[in-house]
Amino acid sequence: MSMLVTNIGELVTNDPELGPGPLGIVRDAALLVDGDRIGWVGTAAEGRDQAADDVYDVEGRCVVPGFVDSHTHLVFAGDRADEFAARMSGEPYTGGGIARTVAATRAATDDELLANLRRLVTELRSQGTTTVEVKSGYGLDVEQEARLLRIARRVTGETTYLGAHVVPPEYAQRRDEYVALVTGPMLEACAPHARWADVFCEPASPHAFDGDESAAVLGAAAAAGLGLRVHGNQLSAGPGVRLAVEHGAASVDHCTHLSDADVDALAGGTTVATLLPAVEFSTRSPYPPARRLLDAGVTVALATDCNPGSCYSSSMPFVIALAVREMGMTPGEALWAATAGGARALRRDDVGRIGHGARADLALLDAPSHLHLAYRPGVPTAHSL
Ligand code: NIG
Ligand code: FE
C-alpha cells in the first residue's frame, strides 16, 4: 500500500539536505508513504507525478517526524497523586515513593499491567509520539523485572532493564547483595528481553545508587551486551554524567544539576543529554540548563519520563512547550530534540527524520507550522498519523 500525503503547508524533515537549517523545512510539500517507509519527499507540485494507491490532502497543515519519547516508565500499577499534592505544598522529591509503586506493581496481574501500558501508549500516540522506550524498574526481583520487560516488549523494541532503579526495602541493610543480584542473576534473566540497561545514579538519594554501585551496574550490563543509559544528576551534581560518558552510554537523562566538567565531558563525548522538564514541572524543581548544553555543542534530546511518581505526563508537546518557555530553547531546537534528538538517544537512524528509507512515522499538526507546538500550550495540536 502506498499513500501520497500532499498539500503539506510546512514539512519538517530534520534533513538539512532537503531544506534549510537543522529542521530541513520544505514548504508546500508532499511525501509518499510506501508500506511502513518513506518512499519520496518533495514539493506538492512534484508530487502530482507520484503514483500512489491513496491520496491524503492535509489542507496546508504541518507534518513533523513522529516524536521519539526515549525515556518512560510505563509498566506499573497504581498512582501517587497524593505525593504530587504534597510536593506542591513544599515536600521534596527523593525517589522514596518508588517503593509504593513497586508494591502495587508486584501485586498486579500481567493483564492489568498490559492494559495500563496499552492505555498509556494509546495516550501518547494520540499526542504525536511514534517511538517509545519503556523501562522496567518497579519489580526489583528476578522474576518481576523479567516479567515487566516481557510485558514492555509487547509494545516496543526499545526496552530497558532498570533493576537498579532503587534498592528495594527488603535489601536496605544489604545493598551489596542487591547490587550483586542486579549485576548477576537478575541481569541474566532480563537481558534477553531488553535492548538497554539503566541505573538511577544519585548519591543524594538514600534509595538510589552511588558512583561505585552505578559503575558496577554499567560494567556488567555492557558485558551482557546491553546498550547503556543512565539516570544522572537529577537531584545533585553527582557522578552520573561522568560515568555515562566514560562508559559510552547512549544517553544520560535528567542532567538537572551539572558542573562545568559535566558539560565539557558531554561536549567531548558521544552521550546524548536527555532533558525531562516535565519532571521539574511536576516536582517543582529548577529546570536543567539547556542553553549551557546547546551552546557547548552537546546533543540534547527531550523526553517525558512518564511515570506515576516524578512526572505523570505522556505529552511530548507539553515537554516541547516547557523546553521553550522554561529552558530557553527555540521552538526549532525543542522540536529537533523531541524527534532527531530522541532518535540519537536511542541510536536509531530510521526514526526522528522524514527522508527516503526512514520509517513512515509522522505527526500531523492541526496547525500551519511547528511554532504552534509551543505557541499553543495545552492545546491538542499533534496526532500521530
Ligand atoms: O526518572 N529518578 C528515578 N526514577 C524516575 C521516577 C520514578 C518514580 O518516582 O516512580 C525518574 O524520575
Ligand atoms: Fe526516569
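First residue shown is number 1, and so on along the chain.
Here the Cβ of each residue, glycine as well, is placed from N, Cα and C on the backbone.
Automatic prediction, not curation, is the source of TrEMBL annotations.
Going through His231, His372, His383 against TrEMBL, the one listed in the Fe(3+) site together with His71, His73, Asp305 turns out to be His231. From the candidate list Tyr56, Tyr138, the residue TrEMBL records in the 4-imidazolone-5-propanoate site shared with Arg80, His165, Gln234, Ser310 is Tyr138. Counting neighbouring Cβ atoms within 10 Å of each of the binding-site residues (His71, His73, Arg80, His165, His231), the lowest count belongs to Arg80.
For the recorded site, His231 (Fe(3+) binding site), the DSSP three-state label reads strand. In terms of Cα spacing, the binding-site residues Tyr138, His165, Gly309, Ser310 that come within 10 Å of His231 (Fe(3+) binding site) are His165.
Same-chain neighbours of the Fe(3+) site beyond His71, His73, His231, Asp305, judged by a C-beta within 8 angstroms of the site's C-beta center, are, in sequence order, Thr72, Lys135, Asp198, Asp253, His254, Leu276, Val279, Ala303, Cys306, Asn307, Ser310. Among the binding-site residues Arg80, His165, Gln234, Asp305, Gly309, Ser310, the residues whose Cβ lies under 6 Å from any atom of ligand 2 are, in sequence order, Asp305. In this structure, the binding-site residues that sit close to ligand 1, with a C-beta under 6 angstroms from any of its atoms, are His231, Asp305, Asn307, chosen from His71, Tyr138, His231, Asp305, Asn307.
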